[in-house]
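J.: Just lifted these from TrEMBL, have a look:
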- 6-30: transmembrane segment (TRANSMEM)
- 72-94: transmembrane segment (TRANSMEM)
- 106-127: transmembrane segment (TRANSMEM)
- 147-168: transmembrane segment (TRANSMEM)
- 252-272: transmembrane segment (TRANSMEM)
- 292-310: transmembrane segment (TRANSMEM)
- 322-346: transmembrane segment (TRANSMEM)
- 390-413: transmembrane segment (TRANSMEM)
Amino acid sequence: MGLKDLFIAASIPVLKLLIVTGVGSFIATGRVDILGEAARKHLNNVTFFVFNPAFVYTNLSKTITFESMVMLWFMPLNILITFGIGITLGWVLIQITKAPSHLRGLILGCSSAGNLGNILIIIIPAICKEKGSPFGAPDVCHTYGLAYASLSMAIGAVFLWSLVYNIIRISSSGSTREHAMNGSSDETSKLLPRDCTRGLASSKDTSIYERLEDQHASSFEKSKELIQNPKVPFSIKQFLKKILGLLDLKKLLAPSTIGVIVGFVVGVIPLVRMALIGESAPFRVIQDSAALLGEGAIPAVSLVMGGNLLRGLRGSEIRVSIIIGMVVIRYVILPLLGTVIIKGAIHLGLVHSDPLYQFILLLQYTVPPAMNIGTITQLFGAGESECSVIFLWMYALASVSLTLWSTFFMWLVS
């Protein structure tokens, strides 16, 4: 298969994505106002709670068996590696650019969390349909490709809401506290004369030492009390509550994750599988209804994505160096490292020989940042406008990056 055929096979899906997101952006403009802020929110909710879970469930339940589950063990590890490398590179970017504190969580999030679900779900079926595709029969490629992409979406969501959510939460709370302290000190210096502020500074130092001594004394007394009084219980329940509170299980058990769990149960347990899947299955109407709902996922996700990117056109005071750094991390360094990691894993026999599976593992290193990062920044009010600008540039350049890397990866696995 020639390089030209591979390039066409890789570029057509990206062009389809650009056209549909372009329609989403157009109908979200002020003049048309079909997909305004409120409409996007409602459509996003329907997609998140109805379309995506149905889509994930139907695609996994048809293809997942116990044997295939064992073969796919490397995907969660691969996604964890992408997050780990991304966080490390994001931290390096923060040190180089001296990024402001309120943007640090956003930079780490955009560097680590890729769009591991929606982009793959849109691109993979389109690649399978192309004549130059190296992945065999279109129907088989379509079925298994969507199953792999659905699994990628669910695992990516778990890592996003457990790691990135907490990184941005901690970063935003730290920057808010710093801003509040700076604001209060400025106000104090304005209200008090110079002599008073000097006195306040010196008294502040002594009060800090006193406070530290008090804290040390109180902690010593508490530890002494614990030793002397063994009846004071160490509450494991409270500790677990704290951990679960930090992880936010409601976010971890997102509808798409629940869809994956149900898909695994139906696919792996033979009796349930026979009851729901197949032309002779007595409850096949449930499976068909779920499949019908799932068909709305791809167009809805693409339209919402296009509408959300409009916010980036309003602009923001974000350094060009940060945007360039993000582009280099996500579209140059990560794909290169990903190629080395996956080829090494194949050489060691950690990844099975399915070219489509290998292609999706490679593609996980090249996707733009996850759209849900925008939702997280809105929750904490840290870097919302900057996030929109980063997304606009990242998704605009994704069309070129995805086409080139997809061509290279297809050549690599074919």
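Placement of Cβ uses the backbone N, Cα and C atoms for every residue, glycine included.
Annotations in TrEMBL come from automatic prediction, not curation.
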J.: Tell me, please, if the transmembrane segment (147-168) and the transmembrane segment (292-310) are in contact, taking contact as 3+ Cβ pairs under 8 Å between residues separated by 6 or more positions?
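T.: They are not in contact.
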J.: With pairs restricted to those 6 or more apart in sequence, evaluate whether the transmembrane segment (322-346) and the transmembrane segment (6-30) have 3+ C-beta pairs under 8 Å.
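T.: When sequence-distant Cβ pairs are counted, the transmembrane segment (6-30) does not touch the transmembrane segment (322-346), since fewer than 3 lie under 8 Å.
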J.: With a Cβ cut-off under 8 Å, give me the same-chain residues at least six positions beyond the ends of the transmembrane segment (390-413) that come close to it.
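T.: Distant Cβ neighbours of the transmembrane segment (390-413) are 3, 6-7, 9-11, 13-15, 17-18, 21, 106, 110, 119, 123, 127, 133-134, 305, 308-309, 311-313, 318, 322-323, 326-327, 330-331, 335, 339, 343, 355, 358-359, 362-363, 366-369, 371, 374.
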